[in-house]
Amino acid sequence: MAEEVITPVYCTGVSAQVQKLRAKELGLGRHENAIKYLGQDYEQLRAHCLQSGSLFRDEAFPPVPQSLGFKELGPNSSKTYGVKWKRPTELFSNPQFIVDGATRTDICQGALGDCWLLAAIASLTLNDTLLHRVVPHGQSFQNGYAGIFHFQLWQFGEWVDVVVDDLLPTKDGKLVFVHSAQGNEFWSALLEKAYAKVNGSYEALSGGSTSEGFEDFTGGVTEWYELRKAPSDLYSIILKALERGSLLGCSIDISSVLDMEAVTFKKLVKGHAYSVTGAKQVNYQGQMVNLIRMRNPWGEVEWTGAWSDGSSEWNGVDPYQRDQLRVRMEDGEFWMSFRDFLREFTRLEICNLTPDALKSQRVRNWNTTLYEGTWRRGSTAGGCRNYPATFWVNPQFKIRLEETDDPEDDYGGRESGCSFVLALMQKHRRRERRFGRDMETIGFAVYEVPPELVGQPVHLKRDFFLANASRARSEQFINLREVSTRFRLPPGEYVVVPSTFEPNKEGDFVLRFFSEKKAGTQELDDQVQAILPDEQVLSEEEIDENFKALFRQLAGEDMEISVRELRTILNRIISKHKDLRTKGFSLESCRSMVNLMDRDGNGKLGLVEFNILWNRIRNYLSIFRKFDLDKSGSMSAYEMRMAIESAGFKLNKKLFELIITRYSEPDLAVDFDNFVCCLVRLETMFRFFKTLDTDLDGVVTFDLFKWLQLTMFA
């Protein structure tokens, strides 16, 4: 069959953002209505290829060196020399997508350090429901084959349907990366390609944690527990996790490469990924014993210690309960006591699944909430608590805890409280590796809302954080894709502040909140408003004679001040203030001020108009000096935020981002002339809006002429 190039259609710009928000409100991005990645529709593309008799070739992830990588696997790397992209039909006469179901033997690592991803894929094979959410049914190299396949992945809060062609990297007729033990089975290699596509290249997959893959295949959130420092109620946590259908895995750390696959005295394998499949309390000789059931997915090597298959401990258990627990010999699954589990294993991972991943009606679901946010230098990237001058500008999210955990969940005798998990994930960092950007160091802190602010959607300011310690926080700030921590706090309102470790580190993030009981959440942001003094417009007769004399001297014969004259006047004035760091008012800045203050539309300022501008500038100068805290002659972007609020303006995060982008220097300093221009524009625009908002509903309607008049001359 001939090959035909299919070009994807991309949505860009503001319209794409609006479309995305609307579509999300309608349910787009949920698993049952996954987003078509890069706008590629699998069914349409496949039908087109079948109709035209061509095999699909994906120009969004083409078979070229750049798709392999950028450094170790870059275009000129020795590791990629001789790589040829071939279809399975060119390698085998009878290639298969899946043979006799997906199993762990379908996944063998190739020349890529993505064992973390392959371990996650292997774990998927233990759960058919989850597997076929990622690997949709009905794909093959026989019926309706068109060289096109698709997979569904969770990406930062949304499910995406990813289309790939089946051109795979080969050397000497063999797959370079993941392959099956049988050789002719290709679902795992094609899934790896789909994952490489969303991350920009195969090389971007090098290095990671299994939990990252787990989350992208389930949409869940992972908790980590070091078993040497296990919380007293860990067994209760495991019971509840299993009850909710969570995926649990554990392992024994290795101290060197030589320990890999080493078998302990009691037949546990180091460096291996074990699944936790059950937990049960049994009555043993009159005492309740906590047991945990394990599965070794890699083989039949089983634990031989207490409570293992055929051990004497089972003789002390009621036969009916023993039969219920289905103790069998040599099936890769075994029981052990929870005490031995803590002693023998090193690490436990719990991947909590979202409600849409759980089809069973028997499991108890988490309540989940997801927020997307950004850190932008100068406006919302304040760094951690170590930087008190800027920490407060970070995005803030409120949690309202109302219902305490069920009494039967209070294993270990702790005081009642509300359990929840917070997970902070940074977005798109793998994809940005080719540009030299790697994971930022991230974390979060949790603060209790003071009584006087309960129920108010107020973005907490600097003074609050200077006076109050955090109530809880992430266990560490670390350069991983996600940081997650389980908390248990009394009912009340709390504010979560996610941040990078250092200020001015930019990035996008997702903050997820998983609660045992229903809880209220909201993003905190200031409401846009201005508290402006009544504008005193004096008549010419009321203006001070000294000011009139000054004006006549400055304005010249026409008794009006032009843009150039205003620039000369203002720069002469500020040159006398040696404490101000400024390059002087630009012609464009002065034109802006004239356009905004010019009431009769002649492009010049008369006596009254200049008097209003003059008084404003004097007021702005006093504010500028007040908030130039280090007396540097300029304000930082963060000082400017406080100064703007002092001038009577409350703005939200997005507006501050725009202002800092527009009015700050590359080093985020704001000089006096830019500060004045910003405030003049803000005040005039607020007053303009207030004049048009006659019914005070916060909405005005423009015709095209008014809109152009406002935007072209503002």
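Each residue's number is its place along the chain shown, starting with 1.
Glycine too: its Cβ is placed from the backbone N, Cα and C atoms.
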Exercise for the section: Name the residue range among 79-94, 95-110, 527-542 that Swiss-Prot annotates as region 'Linker'. Expected result: 527-542
Completion exercise
Fewest C-beta neighbours within 10 angstroms among the binding-site residues Asn602, Ser634 belongs to Asn602
Fill in the blank from the handout: binding-site residues Asp323, Asp600, Asp630 vs Asp114 (Ca(2+) 1 binding site), shortest C-alpha separation belongs to Asp323
Practice task
Would you kindly give the Cα-Cα distance separating Ser634 (Ca(2+) 4 binding site) and Asn602 (Ca(2+) 3 binding site), rounded to the nearest Å?
Solution key: 34
Completion exercise
Expressed in Å to no decimal places, the gap between the Cα atoms of Glu639 (Ca(2+) 4 binding site) and Glu609 (Ca(2+) 3 binding site) is 29
Fill in the blank from the handout: Same-chain shell around Ca(2+) 4 excluding Asp628, Asp630, Ser632, Ser634, Glu639, C-beta within 8 angstroms of the CB centroid, reads Arg581, Phe627, Leu629, Lys631, Gly633, Met635, Ser636, Ala669
Completion exercise
Should one count Cβ atoms within 10 Å of each candidate's Cβ, the binding-site residues Asp598, Lys604, Glu639 would be headed by Glu639
Fill in the blank from the handout: Asp323 (Ca(2+) 2 binding site) -> DSSP, reduced to three states, gives helix
